[in-house]
Amino acid sequence: MKLGWIEVAALAAASVVSAKDDLAYSPPFYPSPWADGQGEWAEVYKRAVDIVSQMTLTEKVNLTTGTGWQLERCVGQTGSVPRLNIPSLCLQDSPLGIRFSDYNSAFPAGVNVAATWDKTLAYLRGQAMGEEFSDKGIDVQLGPAAGPLGAHPDGGRNWEGFSPDPALTGVLFAETIRGIQDAGVIATAKHYIMNEQEHFRQQPEAAGYGFNVSDSLSSNVDDKTMHELYLWPFADAVRAGVGAVMCSYNQINNSYGCENSETLNKLLKAELGFQGFVMSDWTAHHSGVGAALAGLDMSMPGDVTFDSGTSFWGANLTVGVLNGTIPQWRVDDMAVRIMAAYYKVGRDTKYTPPNFSSWTRDEYGFAHNHVSEGAYERVNEFVDVQRDHADLIRRIGAQSTVLLKNKGALPLSRKEKLVALLGEDAGSNSWGANGCDDRGCDNGTLAMAWGSGTANFPYLVTPEQAIQNEVLQGRGNVFAVTDSWALDKIAAAARQASVSLVFVNSDSGEGYLSVDGNEGDRNNITLWKNGDNVVKTAAENCNNTVVIIHSVGPVLIDEWYDHPNVTGILWAGLPGQESGNSIADVLYGRVNPGAKSPFTWGKTRESYGSPLVKDANNGNGAPQSDFTQGVFIDYRHFDKFNETPIYEFGYGLSYTTFELSDLHVQPLNASRYTPTSGMTEAAKNFGEIGDASEYVYPEGLERIHEFIYPWINSTDLKASSDDSNYGWEDSKYIPEGATDGSAQPLLPASGGAGGNPGLYEDLFRVSVKVKNTGNVAGDEVPQLYVSLGGPNEPKVVLRKFERIHLAPSQEAVWTTTLTRRDLANWDVSAQDWTVTPYPKTIYVGNSSRKLPLQASLPKAQ
């Protein structure tokens with residue numbers, strides 16, 4: 001071996017684990033595919049090659065490695081290349097707005113976007129976020145998320161993504177990406193992949209909770225399930241031209257997500273044709289050589305652990321290229337991928353330096369905050385980037401509110417004599433909307449969950465504020481009891497009320513914070529803060545009780561949903577800063593609810609199957625999460641096991657009624673599917689490397705403490721690496737073929753953005769009439785499901801949908817197409833997609849269990 005960089009022990013341990021017959025194994029795939037500028041990347045790829053060809057080795061390395069935690073203004077920043085006018089890139093959370101900032105908007109969460117089933121709103125939200133990120137001087141938004149997908153209803157970060165259905169998630173994921181990047185900011189598709197729970201996602205985090213485990217959890221999944229479920233939305237992201245992908249903390253089949261050659265090299269880069277760059281989640285980088293050869297392109301935040309001053313890359317990456325352990329083409333490819341994404345969104349024309357600091361709200365501070373070094377300068381310029389986005393946020397909040405039950409209670413008229421507002425979730429956080437770091441508490445109304453996927457509220461309109469305004473405009477009376485434990489007061493208010501509006505919630509978040517004993521993942525899926533008793537007390541004392549649920553996902557409502565005095569139930573999710581106004585718009589009929597549930601409402605937690613792994617189930621080794629449920633999650637699981645939900649996936653009521661009719665199917669003149677064949681071009685080197693003496697620290701450089709630099713300490717590479725394992729034979733740790741830059745065979749399922757172009761060819765055109773049969777304007781979402789026909793397939797899978805607005809008595813024809821991908825299964829033996837000979841049937845309706853229209857499809861290939 002020529003260079004180990006601390007990863008030798010980890011790699012050795014991994015080889016022992018993977019050699020055990022009873023643990024899942026991730027097969028190697030090498031070499032790491034090099035970008036080729038296919039499709040819409042062609043022009044920016046050429047520009048990237050041109051600029052990278054002019055760079056020195058350390059300039060290339062500077063692009064690949066973060067400068068260290070809290071050492072610049074953003075949560076992650078790369079080095080810069082001043083000689084070529086390439087700035088340090090600013091990377092910043094989150095998927096719903098700018099984290100650690102000010103004068104920014106707090107958008108609805110991804111799960112709310114899923115509930116809208118509205119592609120336009122997904123795009124507009126992405127675009128609005130991109131505008132704010134760009135205006136703050138941020139180059140890369142760390143979002144959106146499709147991992148977790150939602151295998152477990154109690155998974156802590158499900159709300160950051162969209163839905164446990166891959167098709168619904170994939171479409172809205174892609175539209176969000178397009179919106180962000182059209183605003184001139186690189187979007188990051190995360191967390192890739194199988195990051196489905198918080199428990200054990202990071203070994204150090206688990207140790208902090210008292211678990212003695214050697215490594216992070218391994219999500220063990222078969223090839224078919226990976227392709228048909230978890231990889232599906234990431235294919236949509238690649239097809240949408242996403243610039244960055246963030247690899248995850250967990251292991252996949254006992255190989256870490258940021259050094260897993262199967263998921264990074266094979267699936268993402270070779271099969272899906274991803275042309276952008278792969279960054280690590282923060283400290284998810286576990287090796288130097290191993291990660292570089294397995295397909296990682298950018299190390300974030302650059303240091304091995306926060307504020308350690310050490311890095312797997314930086315100077316060590318420079319050493320690795322100089323001594324030949326890592327081929328030049330691999331680091332060149334990293335740099336080209338980063339620069340291609342930079343050019344693709346136009347950052348070269350829109351760049352402004354970050355005008356805020358993540359680490360202080362003070363106007364002035366040190367340039368390098370954590371170590372109090374560098375210039376003492378203006379670090380916060382307090383730039384207001386909100387524009388008119390509050391209107392969009394309010395709109396999404398209202399249009400994502402799912403009406404689950406309505407026995408004539410809604411809409412309200414403002415003529416109600418007395419309105420009772422009941423439950424803590426109606427009111428404000430007594431510590432302020434941003435009173436808990438990263439929203440790590442559940443005080444007052446829940447409009448955002450907790451973790452790094454959050455943003456500071458510029459303000460938060462509570463339900464109490466908004467509804468009181470409504471009542472007073474109607475000259476009514478309003479009583480509010482926001483102590484969820486004061487059941488006697490709640491009962492007294494409910495007895496007097498014309499209508500009782502009960503607000504309840506259920507929270508979750510990221511595993512580094514524990515809230516009320518919930519370590520990221522929910523301990524259960526019941527209501528928090530005595531919610532069930534608040535509802536039952538109100539219903540026992542008021543015959544017109546309407547329940548509004550703010551939650552991160554499904555909750556158990558079996559105790560009271562069918563109570564005769566519960567006349568209405570709405571799910572409002574995590575609606576962001578305009579929460580109260582959004583729910584008031586729906587309650588008072590200014591917005592007719594048209595949202596559909598993006599998940600299933602079961603009667604028990606057990607009805608969902610697939611429990612979280614909350615105990616160390618592999619001794620002191622990496623906990624093992626076996627995804628034996630395969631593709632059967634959420635509604636697919638309920639269908640397979642004949643579980644009757646309370647409210648099914650895709651369900652949602654309206655203040656009007658709709659009728660679907662006249663399903664027509666037209667076969668299209670599609671070509672026969674052809675597996676991709678042939679060879680790639682050989683890898684190319686861009687520029688010359690030169691001698692080690694060119695990459696020693698520049699004379700006179702004033703080093704910043706703990707800052708990660710690309711330069712080496714001396715021309716003695718062994719001494720510069722400071723690695724006791726330096727000098728081992730390559731065969732002991734470098735996988736076969738990992739440094740081979742010759743032409744490589746193309747995979748059958750590859751060939752374009754998102755995979756083989758034949759997958760996206762339209763095979764059938766489908767049309768359905770949709771009519772508003774009621775008296776008010778409203779939105780309907782026709783949903784098209786497919787039965788793939790095989791004995792081990794789900795009963796139905798969602799494939800197409802559209803949100804359509806119709807005036808009273810108006811009729812429209814919804815037309816969509818079915819692609820080969822929509823009808824295909826993954827063939828593990830052929831390593832390609834195939835349309836099986838089993839009969840295919842399509843169903844159209846307005847939920848996964850209300851599908852009145854059906855048609856058989858002719859055989860397709």
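A Cβ is built for glycine as well, from the same backbone N, Cα and C atoms used for every other residue.
Quick caveat, the model's predicted, so the values are computed rather than measured.
Pulled from Swiss-Prot, these are the features on record:
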type     : residues : note
SIGNAL   : 1-19     : signal peptide
CARBOHYD : N62      : N-linked glycosylation site
CARBOHYD : N212     : N-linked glycosylation site
CARBOHYD : N253     : N-linked glycosylation site
ACT_SITE : D281     : active site
CARBOHYD : N316     : N-linked glycosylation site
CARBOHYD : N323     : N-linked glycosylation site
CARBOHYD : N355     : N-linked glycosylation site
CARBOHYD : N443     : N-linked glycosylation site
CARBOHYD : N524     : N-linked glycosylation site
CARBOHYD : N543     : N-linked glycosylation site
CARBOHYD : N565     : N-linked glycosylation site
CARBOHYD : N713     : N-linked glycosylation site
CARBOHYD : N846     : N-linked glycosylation site
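Structural mapping of features recorded in Swiss-Prot.
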{"residue": "N212", "record": "N-linked glycosylation site", "contacts (Cβ under 8 Å, 6+ apart)": "A616, N620"}
{"residue": "N253", "record": "N-linked glycosylation site", "contacts (Cβ under 8 Å, 6+ apart)": "A24, Y25, S26, S218, S219, N220, V221, N260, E262"}
{"residue": "D281", "record": "active site", "contacts (Cβ under 8 Å, 6+ apart)": "K190, H191, M246, C247, S248, Y249, G257, C258, M300"}
{"residue": "N524", "record": "N-linked glycosylation site", "contacts (Cβ under 8 Å, 6+ apart)": "D154, L556, R605"}
{"residue": "N543", "record": "N-linked glycosylation site", "contacts (Cβ under 8 Å, 6+ apart)": "P564, N565, T567"}
{"residue": "N713", "record": "N-linked glycosylation site", "contacts (Cβ under 8 Å, 6+ apart)": "A315, V696, Y697, A719, S720"}
{"residue": "N846", "record": "N-linked glycosylation site", "contacts (Cβ under 8 Å, 6+ apart)": "K596, G650, Y651, G652, F658, L660, E780, V781, P782, Q783"}
Among N62, N316, N323, N443, which are recorded as glycosylation sites, the nearest neighbour of N355 (N-linked glycosylation site) by Cα: N62
Neighbourhood of N443 (N-linked glycosylation site) by C-beta distance under 8 A, where only residues 6 or more apart in the same chain count: E424, N429, S430, W431, G435, C436
Nonlocal neighbours by CB distance (under 8 Å) for N62 (N-linked glycosylation site), same chain, sequence gap 6 or more: T78, G79, S80, V81, P710
Other CB atoms within 10 A, centred on N316 (N-linked glycosylation site): 28
N316 (N-linked glycosylation site) to N323 (N-linked glycosylation site) - Cα separation in whole Å: 11
Neighbour count (Cβ, 10 Å) for N565 (N-linked glycosylation site): 17
Cβ packing number for N323 (N-linked glycosylation site), 10 Å threshold: 16
N355 (N-linked glycosylation site), number of other Cβ atoms within 10 Å: 18
